[in-house]
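Over in TrEMBL, the protein carries these features:
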type	residues	note
TRANSMEM	6-27	transmembrane segment
TRANSMEM	60-81	transmembrane segment
TRANSMEM	93-113	transmembrane segment
TRANSMEM	125-149	transmembrane segment
TRANSMEM	155-183	transmembrane segment
TRANSMEM	249-269	transmembrane segment
TRANSMEM	289-306	transmembrane segment
TRANSMEM	327-347	transmembrane segment
TRANSMEM	367-384	transmembrane segment
TRANSMEM	391-408	transmembrane segment
TRANSMEM	440-459	transmembrane segment
Amino acid sequence: MERPGAYGFSAAMSGTFLLSCLLFAAVSRRQRGPYMDEAFHVPQAQAYCRGRFAQWDPMITTLPGLYLLSVGLLRPAAWLLGWTGGVLCSVPMLRFVNLLFSAGNFYLLYLLLFKIHQKNKAVSAFQRILSALTLAMFPTLYFFTFLYYTDPGSVFFTLFSYLMCLYGNHKTSALLGFCGFMFRQTNIVWTVFCAGNVVAEKLNEAWKIELQKKKDEKISSRKGSISDLTRILQFLVEYLLSPKNLVKLTALTWPYIILVSLFFVFVFINDGIVVGDRSSHEACLHFPQLFYFLSFTMFFSFPHLLTPTKIRKFLLSLRKRPVQYSLIAVISLFLIWKFTYVHKYLLADNRHYTFYVWRKVFQRHELVKYLLVPFYIFAGWSFSDTLKSKSVFWILMYFVCLVAATVPQKLLEFRYFILPFLIYRLNIPFLSLYRQLLEVAFYILVNAVTFYLFLNRTFRWENNDEVQRFMW
């Protein structure tokens, strides 16, 4: 990092951390006790703080990574600073762990942007810092910085694992992937993604050699006709069926293979991926989750995805390939018809934004979910168009991981979209400075509204004296 860039990054990170500390103080004053899922996480961490590692709340569905790390951080701090009594693992101190993760995420996002886009010399240090700041303030993630949830730590270890993968430190990457798995079991998908990065890179190299051999410059590994795609798929099958290539790929990805194998052993022994309460976390083929994710991404990345140029290009593509888009529309309608599930939490808990999205949009009329298909198709096209700088093998690998991370989830929960969104956002080209400023201003506005509602627009349920707050 050059000196001006280092100074700029230090200033941005310090300023963001100071702002986060002020928000942290406001949240801690207004909501002193555990709120929502904190009612399970906080007592479990406090039990670990007291050395009761055999104690476990059966309502918790994730592994104890958050609690173990919290104790590992807070106990040495308490010894050094002379803390006694209930200060050690109090609610504010446990929440402060996530504030540290948030600072770490800012740094990792900057390093990832630098690594992924290092060949793009047109991108200034200021743009990288601004983009890292924007993603660090991504509203759905940033909000949970101030509560004792698994999200900030889960994102930290997953991003760290991805960074080490990009630098070729695969054993370290797999170890960090294990830490991410200990925070949330579904993070195993992003371990597969890291392995897929290695495989996609080797496939792309072999594909370029194949093109040179055949001297067929019209075929591209990034975009093309159906015949081009067929040839790429044929090449993919032939490459992966070669014992020599499989041995080579195994030698490169064995740390990830070991971790994924351990995951399957865990699933077999545990009789499922969820620990604790499974009644509300049943896996299913909820294909409309892909459409919800595309809508979510369109909302938070509208400077990238919703532009006049993209709309014109989409309409031109629509006019050129009406049969293909008609087929996509029919498939989408079928998936919505047969695979739409509504979780009981979505209908019952009016503290979450998803409750109002579902009630105000999808419950207005039975046909609304079908009428949104044209929007989903445009969102999917625009989403794919921003990834055209990546190889077709990378896109295929990312799409497989996206499906694995979202489709099995029955509950519509925006937190499940955080990691696939960040991975996507890190890998698309930089915008103009004007659009970057528009994006960060939009994130600041969404965060301001969210914190205002959470802190000031409280309400109560009938027959319940506890104060309720709006949140993601």
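The backbone N, Cα and C atoms fix where each Cβ goes, glycine too.
If you count C-beta pairs under 8 angstroms between the transmembrane segment (60-81) and each of 125-149, 155-183, 249-269, 289-306, 391-408, the highest count goes to 155-183. The transmembrane segment (367-384) is not in contact with the transmembrane segment (93-113), judged by fewer than 3 CB-CB distances under 8 Å for residue pairs 6 or more apart in sequence. Sequence-distant contacts of the transmembrane segment (93-113), counting only residues of its own chain at least 6 positions beyond either end whose CB sits under 8 Å from a CB of the stretch, comprise 9, 13, 16-17, 20-21, 24, 27-28, 41-42, 45-46, 66, 69-70, 73-74, 87, 128-129, 131-133, 135-136, 141-142, 144-149, 152-153, 155-156, 159-160, 162-163, 166, 422, 426. By the count of Cβ pairs under 8 Å, the stretch nearest in packing to the transmembrane segment (249-269) among 125-149, 155-183, 289-306, 327-347 is 155-183. Residues 138-140, 332, 336, 372, 375-376, 379-380, 382-383, 386, 402-403, 406-407, 409, 412, 414, 416-417, 420-421, 424-425, 428, 431, 435-436, 438-439, 442-443 of the same chain, all 6+ positions outside the transmembrane segment (289-306), place their C-beta atoms under 8 angstroms from a C-beta of that stretch.
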